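Written below as structure tokens is the structure these notes are about.
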Amino acid sequence: MAAATTGSTGSARTSGGSTRKPTSTANASGRPTRRLVIVESPSKAKKIQPYLGNDYVVESSVGHIRDLPRGAADVPAKYKGESWARLGVDVDNQFSPLYVVTPEKRSTVSELREALKTVDELLLATDPDREGEAIAWHLLETLQPKVPVRRMVFHEITESAIRAAAENTRELDQHLVDAQETRRILDRLYGYEVSPVLWKKVMPKLSAGRVQSVATRLIVQRERDRIAFRSAEYWDIAATLDAGEKATPRSFGARLLQVDDKRVATGRDFDSLGQLKKGSAEVVTLNEAEARRLAEGLQDRPMEVASVDSKPYTRKPYPPFMTSTLQQEAGRKLRFSSERTMRSAQRLYENGYITYMRTDSTTLSATAIEAARSQARELYGDAYVADSPRQYTRKVKNAQEAHEAIRPAGESFRTPGAIAREVDGDDFRLYELIWQRTIASQMNDARGTTVSIRIAGTAGTGENVVFGASGRTITFPGFLKAYVETVDDGSADQADDAESRLPELTRGQGLTATELVPDGHSTSPPSRFTEPALVKAMEEMGIGRPSTYASTIKTILDRGYVWKKGSALVPSWVAFAVVGLMEQHFGQLVDYDFTAAMEDDLDSIASGDDSRVHWLSGFYFGTDGASSGSEIARAGGLKKLVGSNLEEIDARTVNSIPMFADAAGNDVVVRVGRYGPYLERIVDGESQRANLPDDLAPDELSEEIAEKLFSVPQEGRKLGTDPVTGHEIVAKEGRFGPYVTELLPEPEVPEGAKKKPAKPKPRTGSLFKSMTVDTITLEDALRLLSLPRIVGTDPDSGDEITAQNGRYGPYLKKGTDSRSLSGEEQLFTVTLSEALEIYKQPKQRGRAAAAPPLRELGEDASTQKKMVIKDGRFGPYVTDGETNASLRKGDSVEEITDERASELLAERRAKAPAKKTTTRKPAASKSTAAAKKTTTRSTAAKTTPTKSTGTRTRKTPTT
DNA sequence: CAGTGAGCGAGCTTCCGCTTGACTT
């Protein structure tokens, strides 16, 4: 049984299990039974309504209506204090999820509630898959219908299918709902527990997730392969052979295949690192000299046809589109990004041109098959149409198949020409692609012949050689007439409709080589992922869903894990750091088979063989004994990995990506710093650093480029030369913001000196707030470098007073006594007497206290203290003099009410660490703080049973 | 990645899947 919902008053679990069959009999009031049908998509609702007639009201949920809270702002006040509020899942209490109606769905929900009032029965007709079942359950929980409820399922949107579905309803499948909920909670735990690890160890705002982390890993791994790649050279010989004047074509090309019974290496004999594969002992690799010598030796030698092998060639049409193949082909043929493809497809769908665009099925309905066949017949003739209808059942990993393939809508298809007036641009081109592919899928195989010829000869130097040539002729193009798939590298001669013709030859026939050209090749690195290629890889691995391929790509782009160079996806250095961390410390979570294993486990939950709580317990808390559970469960569970194991993760190591050793043998390392990636190496115990340019792809970082970067002094804008010292002055961005500094000439090493003289430190100075690196003048820079300025001497103490710029802005310094200055210009203008005047004032105790409140409020509800709004370093906050609480998103200084202010203060008080209670072990290291916090919180939750139980009790049996 | 002296209010970031408008310039 699925989770009882937190946040809703315990619902009748049986409401979905009404066994009453819908009838068409009249109800008590004498009118016919009215039914509300809820589907997921508004356009689907519109389409179905006329099929069902006036006794039905068809509405849509517009996808999911509830979800776990995204963050603190979504958590209802009632649960705010709970230890698990951040996760939205009470892990200590049977993993009870807290569901909230998604803010933008509130109006949808109230509309559905209204509609429900007018009917006698509810039919939940969400998609027939795991997510659809869950949406149906959420609708049930949220709407709390008083009328009977049934689950309606259909796989095809035709009148007969819809009517049949309305007559043959079933109960909600709680096991399937459980499987979905398990998936949802797993993803939440993974994402919300692992991401904070990245914030602590790498950079804030990064993210990890079951899908995005594996996608990122794929891209990083490919780049690593490219970095490790060493191009290898191999040679062969390209021959042009003459078959005699009667032959057509008379001459043709052939390539050297064998030398003395050993196969000549081709590209396929090299691995992804560019080196000859192991086990290729039987292969001979020719170098240039050998190839030249052999070509010469073959000059004017007789050749003869050793074999002619002719085979029939047939090629079946490609299956109709599903989301992933549509994105791939639109990417290759139209150069659309995944997002662009989906945006266009959405428009076509909404306007009734195509069927649903988020699908993992290649199935066509019977009417669609008929439409495609009749249109193919019309356009190309009977011979081109397949003898019998073709159904494509190629199973995609983890496919849910809730929808049809993507095809032109309707019972007869409109040709691209027919819609050209209504649709243009991207939409037209995409429709054309879909239309062609659909038509082609019902056409006949392409047929032809492939011929493979071997030609033997002996070189003057004694080697026996074999040349090979192959040809393909297409005698009947079949479906190729309508649609040819584009190959990844864009080469036309690899395409399915490519032809190459050979003359008719017979065994033993003599040939002469008119040309023998030694031909050099070099292996090239595996190419980077493009968007379509990544989508294909994800689909093959079963990670991500049709509705998320495009958004996953967007996510990894947004996080800065990946950037686009043309159409190639290039990983950032941050991605290297994050993937490295994940592989090292969360290996099970980024395993390429993790999702596949999860899907199997979800299947056993869906079938009732496993339970949600049992599975999640293993995942989160680990399992004893190695006999059962997932990899992560055996490793002790996620909680341990993000908790006590955290201190094992060394941030410095994680953020260091070793590259290579330079000529002197020093290791060159890329470091991912707070302010971007930079190179570092240690030379003679001294650290050398260099910024990495943003547009340098990791695989382009060669030793040569590294040396160049090291040799360039830290870039910065050159402002000119200091007339006094002759030093060049530059402005650049630094750790503490923009600053100016001088470039000192290399100190001369005196003859015979044992040690290098100590490097003199260059002068530096932070820019004023009014200045920028791009606009600062040499004059300003020299003024900044002149700081600190000696203002004068305190006549009382004899101490020197200086004016300088610091971390908190401009200030005066006299020994250890300091005073802030009000403006940066004052650094140059303040006089000794003004300075002494300032020193007469007592030291300001905190700027916040000195600043007047932004607004005054009434008394706090609980403490009866006066509340005021103040502006602080972190923005406006409310204080009652004791407790301070920042205003949240949505609160404004002008509009906040006393009630809201009190609420914020109360929340803050509740969160404040208990001051007098425990005196725990001091000096908790930064990395263990999180783990500790969790412990404290869960204890608190247990000691206040009234809060953590109540409406949230669940009946799920524990396994 | 430059290096200089206070004391003070943090809160938020993040996942995967299902669906489309409603916003602003």
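Each residue, glycine too, has its Cβ placed from N, Cα and C.
Sequence annotations record features per position, and here TrEMBL assigns active site, O-(5'-phospho-DNA)-tyrosine intermediate to A:Y356. Taken from TrEMBL, the feature compositional bias 'Low complexity' applies to A:1-20, A:920-951. What TrEMBL lists as compositional bias 'Polar residues' is A:21-30. Marked as compositional bias 'Basic and acidic residues' by TrEMBL: A:888-910. Residues or ranges marked as domain 'Toprim' in TrEMBL: A:34-158. The region 'Disordered' feature in TrEMBL is assigned to A:1-35, A:491-529, A:747-766, A:842-959.
DSSP assigns A:Y356 (active site, O-(5'-phospho-DNA)-tyrosine intermediate) to coil in the three-state reduction, placing it in neither a helix nor a strand. Secondary structure of the domain 'Toprim' (A:34-158) per DSSP (helix as H, G, I; strand as E, B; remaining residues coil): 46 helix, 26 strand, 53 coil.
As a whole-number mean, the pLDDT of the domain 'Toprim' (A:34-158) in this prediction is 95. Note on the compositional bias 'Basic and acidic residues' (A:888-910): residues 73, 77, 80-81, 854-855, 857-863, 867, 869, 876, 878, 880 of its chain, located 6 or more positions outside it, place their CB under 8 angstroms from a CB of the stretch. Of all Cβ atoms in the protein chains displayed, 24 besides its own lie within 10 Å of the Cβ of A:Y356 (active site, O-(5'-phospho-DNA)-tyrosine intermediate).
Across the range of the region 'Disordered' (A:491-529), the DSSP-based residue counts are 3 helix, 14 strand, 22 coil.
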